[in-house]
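Chemist: Quick paste from Swiss-Prot:
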{"type": "ACT_SITE", "residues": "HIS700", "note": "active site, proton donor"}
{"type": "BINDING", "residues": "ARG18, GLU19, TRP20, LYS21, LYS114, TRP567, GLU611", "note": "5-methyltetrahydropteroyltri-L-glutamate binding site"}
{"type": "BINDING", "residues": "ILE437, GLY438, SER439, GLU490, ASP605", "note": "L-homocysteine binding site"}
{"type": "BINDING", "residues": "ILE437, GLY438, SER439, GLU490, ASP605", "note": "L-methionine binding site"}
{"type": "BINDING", "residues": "HIS647, CYS649, GLU671, CYS732", "note": "Zn(2+) binding site"}
Amino acid sequence: MVKAISSNLGYPRLGEKREWKRALEKFWNGAISEEELLAETKALRLHALKKQQDKGIDLIPVGDFSFYDQVLDTSVTFGIIPKRFQHDGGKVSLNTYFDIARGKSDAVASEMTKWFNTNYHYIVPELAEADPKVLDNRALYYYEEAKNELGIEGKPVLVGPVTYLKLGKGSDAESFEILLDKFIPAYIEILKELETAGATWVQIDEPYLATSFDKKEIALFEKVYKAFHDAVPNLKIELQTYFESLDYYEEVVNLPVAAVGIDFVHDHGDSIKALKAHGFPQNKYLAAGVIDGRNVWRSDLDAKLALLTDIAHYVAEDKLIVQPSNSLLHVPVTKLSEPDLDEVILGGLSFADQKLDEIAILTKALTEGAESVAAELNEAREAVKALNESSHRNNLEVQAAIANLENVRVDRELPFAERIKLQHEWLKLPLFPTTTIGSFPQSPEVRKTRADWLKGNITDAEYNAFIEKETARWIKIQEDLDIDVLVHGEFERTDMVEYFGQKLAGFQATKFGWVQSYGSRAVRPPLIYGDVAFTEEITVKESVYAQSLTKRPVKGMLTAPVTIINWSFVRDDVPESVVANQVGLALRKEVEALERNGIKVIQVDEPALREGLPLKQARWQKYLDDAVYSFKLTTASVQNDTQIHTHMCYSDFDDIIDTISALDADVISIETSRSHGEIISTFEEVTYDKEIGLGVYDIHSPRVPTVSEIQDNIRRALRAIDAKQFWINPDCGLKTRKEPETIAALQDMIKATKEVRAEYQVLEK
C-alpha cells in the first residue's frame, strides 16, 4: 500500500452552463453592478470549491479563479499596468483590469496570445519600466475565502515568476535577470502573507520548465526558489510543470521546493524514463499528473494505476500526490449535462468533475488497495472497451482510404507563379484588394432564431429563409462598403469547428461542453470520437446563394484539418496525424463540391497551426510536415484558376515561415494588429513569394480604429511586402463584434485603403 494524496491544479471558471461568461457580459453591458458581479462570481467559485471538497480532493486549488486571465491577474497583483491606462498606483480597479484586456476608446488593449500550445489566450504582460509592488494579494483573498466560507484549507495557485516574465514583452536577455531580481521580493511578500494566514501549501506554476531552453537558465530557477525557501522555509511549495516532460529533470527535481509536479500524460513517455534513470529525492513529494487535463476521454484506470504503482517505487512512502496533468481549465465542467449523448460515447467521456472522480479512485486504490475500488475500475474498463470496439471507431471504408494515401495527389498542378496569373485574369482585383476573414456579427436576433430552430419553435424553411435574409443583407452591406472579395457571413454557424463537426461522420457536438478561449469567449469543441468521413455537402448551399446575389467573388469558407484537430477533443486511441488526414480527405470532397458549384475563391482557415506546435523543438518537424500534408490533401485537387486562401491567428511566425509557404495557399491572411511590428520584421528578413494580408485592425476589442491608425499599419507592412502581393483585411472574423462598430471599422478600413491605393497609383505613374 502507498499513502497517496489527491490534488487538483485548477478548475474551470465558466460554470456548468456558462454562468461566469453571462455575469461578465452583463457587467460590461451595464446590466448589473460591480457588487452584483462580485456576488454572482463568488457563488460560482464557492460551488466549484464545494464540489472538489465533496469529491474528497485533499489539495484543492484556490486563486485559480479569474475575472479574465490568470496572467493578467499576476500583472495587476504586482502593478504591472501599461501607462496608457493611467493607473494611479493603488489597487487596480475592476474597470481598469478589464480595460487592459479589452481596450477602451483612448487606449488599445494589451496584446493577447496563446497559452503555450493550447487554445487558451493570456494577456501579455508589458514589462518595460516594470517596478513590481504588491498592490493586491488575490491569492490571499481566495485562500481566506475558502477557509472562512467552507472550511477548506486550500492550496493557493500562483503563476511562477520565471514563466510570468518569459511570457511578457519589453525585456531583453540582458535585462531579464535584473527584472527577475525585482520580482523575487514581491513574490516573497505574497508568500509570507499566505504563510501568516495559515497556508500550508502553495502551488507555483512554471510551465516554462517544460519547454526547450538553454540549460544555463536553470540558474534562474535556482535563484528564485532558493530565495523563496530561505524566506518561507516551512511553507510547502509545489513547483508545478505541465504540457511536456522536463529536459533538465535532475536539476528541476533538486530545486529547494517541497514538491515537484510532473506531467506523465503529454510527456511522450519521457517522464517515467527520467524517473527510472535518475530517481527522485526522498525528502520531496512527487505530484504525478496522470489524468489528462487537456482531453475529455475516460482514462484506462488499470493502466494509470499500473503507472502510479511504478512511480511509487521511486518516491518516499507518504510523498506521492495523484493529480491531473494540468489545470482542468481546458476541459468542460461535467458530462452530467450531456444526457442525450450516445450511451457508448457518453460512457467514454470524462470532463472536469469526472476527472476528479478518477483521481479520487486512483488515490484510494493506492492507499487501500485496488479491491477497495474494484467496481469503479471495472466500470471504467468496460466503458473504454465499449468505445474502442464500437462501429464508431471502425469505419472500414475510411481506413481503406487512409491506407491508399500514397496514390492521392497533394500538389497543385501548376506552381504559384504560373497559376496566380490565371487567377488575376478573371478576378481583376485592384491594388491592395480588400476582404474580411469570414464571419460577421451574430446579433441577438441571429442567436435567438437559431435557438428557436434548435428547439423546434420554427420550421427548417423559416430558419433557412432567415439565414438567407441575413446573408443578403450583409452582401449588400459589403457591396456598399466597396469590399472587393466578399464572404457570406457564416450566420448558420455557431463556431468554425463545431459547425463542421455537426456535418462530418466521427464527430459529436455537445450541449454544454464549453471551455474558455479568452475573456468571456467560450468555445464548445466537438468530440472526434471515431473515424471521420464526408457524408453531405457542408457549406455549398450558403456559399452558392451568396454568390448568386453579387457579381463580386464570394469566398467559400472552410476550416482546415489541423485547426479542427487542435480545437476539438480528439480521440486518443490513434495518432492525431491519422485523424488529420481523415479530416483532410473529407474536406477535399467539400472543396471540390464548392468549386463544382461555381465558387472559385475558397478559404481554408488554419488559425491554430502555430499554437499546436509541440513545446519541444525536436518534435516540431514531424508536426509541421503532418500539418502541411493534411492541408494540401484538402486543397490540391482544385483547378489552377481557383484561388485558395488561408488564415492564421495570433502566432510567432518567424520560425515557421517556410511551413506557411509550403502550404502553397495563394493568399494568406495573418492576425497581426496587436503585434504588428514583430510580424513585419519577420517579412523584412525573409522573401515570401505568395500573396498576403496582414490584419490592419484588432477585432478582439470593441474600439473602432481610426483611418490614420489603419494607414500606419498598411504603410508599415508595405515596407516589407511588395505592394502587388498585399491584401487588406481585419485581423480575424467579426462574429463577436456588434454591427455598428463592425461597419464603422470596415468603413475606416476601406477609406484608409483607397487613400493608400491612390498614393501608390500616383507613384506608379
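Cβ atoms here come from the backbone N, Cα and C positions, even for glycine.
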Chemist: List the other residues in this chain whose Cβ sits within 8 Å of the Cβ centroid of the L-methionine site residues ILE437, GLY438, SER439, GLU490, ASP605, in sequence order.
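Modeler: Going along the sequence, the neighbours come out as THR436, VAL487, MET496, MET557, GLN603, HIS647, CYS732, GLY733, LYS735.
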Chemist: Just checking the recorded positions GLU19, LYS114, ASP605, HIS700: which sit within 10 A of HIS647 (Zn(2+) binding site), CA to CA?
Modeler: ASP605
Chemist: Enumerate same-chain residues with a sequence separation of six or more from SER439 (L-homocysteine binding site) and a Cβ-Cβ distance below 8 A; give 'none' if the list is empty.
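Modeler: Set apart from SER439 (L-homocysteine binding site) by at least 6 residues yet with Cβ under 8 Å, we have VAL487, GLY489, GLU490, ARG493, MET496, GLY733, LEU734, LYS735.
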Chemist: Compile a sequence-ordered list of residues in the same chain as CYS649 (Zn(2+) binding site), six or more apart from it, whose Cβ lies below 8 A from its Cβ; state 'none' when nothing qualifies.
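Modeler: Listed in sequence order: PRO607, ALA608, ARG610, GLU611, GLU671, CYS732.
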Chemist: Given the recorded positions ILE437, GLY438, ASP605, HIS700, state which is nearest to ARG18 (5-methyltetrahydropteroyltri-L-glutamate binding site) when distance is taken between Cα atoms.
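Modeler: Its closest listed neighbour, by Cα, is HIS700.
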Chemist: Between LYS114 (5-methyltetrahydropteroyltri-L-glutamate binding site) and the residue listed as 'active site, proton donor', find the distance joining the two CA atoms and give it rounded to the nearest Å.
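Modeler: Each residue's Cα considered, LYS114 (5-methyltetrahydropteroyltri-L-glutamate binding site) and the residue listed as 'active site, proton donor' end up 14 Å apart.
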Chemist: Any idea what DSSP makes of ARG18 (5-methyltetrahydropteroyltri-L-glutamate binding site), helix, strand or coil?
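Modeler: DSSP assigns ARG18 (5-methyltetrahydropteroyltri-L-glutamate binding site) to coil.
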Chemist: Rounded to whole angstrom, what's the largest C-alpha distance between any two of ARG18, GLU19, TRP20, LYS21, LYS114, TRP567, GLU611, listed as binding 5-methyltetrahydropteroyltri-L-glutamate?
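Modeler: Output for 5-methyltetrahydropteroyltri-L-glutamate binders ARG18, GLU19, TRP20, LYS21, LYS114, TRP567, GLU611: max Cα distance 28 Å.
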Chemist: Can you check which residues sit near ILE437 (L-homocysteine binding site), meaning Cβ under 8 Å from its Cβ, same chain, 6 or more apart in sequence, and list them in order?
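Modeler: Same-chain residues close to ILE437 (L-homocysteine binding site) (Cβ under 8 Å, separated by 6 or more) are VAL487, ASP605, HIS647, SER669, ASN729, PRO730, ASP731, CYS732, GLY733, LEU734.
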Chemist: Using the alpha carbons only, what distance in Å do you get between GLY438 (L-homocysteine binding site) and HIS700 (active site, proton donor) once rounded?
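Modeler: It is 15 Å, counting Cα to Cα.
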